[in-house]
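Below is one structure, written out as structure tokens; comments come after it.
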């Protein structure tokens, strides 16, 4: 539209401009699938168009400055609407965004555009971003994970099995020296990693520098004793980006292999800065998803975790927590495995049964190791080994430290259980069917495992999953 044609003031329906069912998506478009619940009386076409408009070029009334640009080139378009099976008044609205709307290499800008404003929109009862298709033309502007799965295995010299971790508990209140002691016991017993809890930053009872020093000392001691490379996820999350980088620099100076960040509370800008620092300086980066359930738990409103996982792969992280399917925290099997594949694989085919709305081609962006953590113990080991496969980190906090004989025997029990499951799988046994039997056999020659089996034989966290398709 040329400005000289004359400008028609007034409010017009979004669907006249932003609902384009004939649109053929381009390879360079960012595609979004929104679950839209319109207010009563609002047709789905208008609701879908409103989402496209408010997350791209639109505003509530016609403005004369529209004539100074080409809306056809820059507007988001709602190009398809499907009713959600089994839900009344819910629709999946597909929106295509031209690539030029987004700053290169900025997850922050991508989210500000796509979900920044539109979720408070009055014509909608609720809105959830279910999935995004990131075109290679955009993903190529990101560094992505500092190292990725293969480089991490090479750095650690550990192959052919999942990695084992443990969150140090009690998460708050230990002194730095006692904290280091707990780290040492776990690593000496056979774990690959121990972890700062997500809310351990730098509190009065344990300042960050003291913790880093005591943990580094204990990492070296356990490495010398076991002959294996060990790590502790030193949480560098801080109140400012400068302080965060300062902590990462200190970790690098200590020569430890890995640091950690809470990427949602810390923010994507901080996370991307830290990921760049980690690649430049050879540090692995463990990512915790603290605050994710605030955003992703409601079925009809918010952002699904698979979108937050894709965003993390772009922003950068080598590990990310991804639910367990079997422990105390949320995670439905097919859906969880859907976003686990989105984290690890180069190419993921569209598969609605697993919640994957678009085919995603990551080209050569490094992969991220999914971390299973939360309420898991030795009896879960066969299921975890089968569900997550080799490229994963299995993290037992209480499942290590809660062992009746202490941390090191708890670590031994987990390592023995894992090695038994991997060996059984490699021999062609069915972990799903024979899992309990495999653990029982192994416990005959490992008193530590036998004691762990006894303590947790009846523990289950069985609630119906919230995250259904």
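Just so it is clear, glycine is given a Cβ too, placed from its N, Cα and C backbone atoms.
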Identity of the substrate-site residue among 70, 222, 373 (reference: 117, 167, 171, 289, 321, source: Swiss-Prot): 373
Same-chain residues at least 6 apart in sequence whose Cβ lies under 8 Å from residue 321 (substrate binding site): 287, 288, 289, 370, 371, 373, 374
Cβ neighbour count (within 10 Å, all chains shown) around residue 373 (substrate binding site): 25
When distances run from the Cα of residue 117 (substrate binding site) to each of the recorded positions 169, 195, 197, 198, the nearest one: 198
Residue 169 (active site, proton acceptor) to residue 197 (Mg(2+) binding site) - Cα separation in whole Å: 8
Pairwise CA distance, residue 167 (substrate binding site) versus residue 195 (Mg(2+) binding site), rounded so that it is a whole Å: 5
Listed binding-site residues (117, 167), ranked by Cβ neighbours within 10 Å, top entry: 167
Shell list (Mg(2+); ref centroid = CB of 195, 197, 198; cutoff 8 A): 167, 168, 171, 196, 199, 200, 233, 235, 260, 288
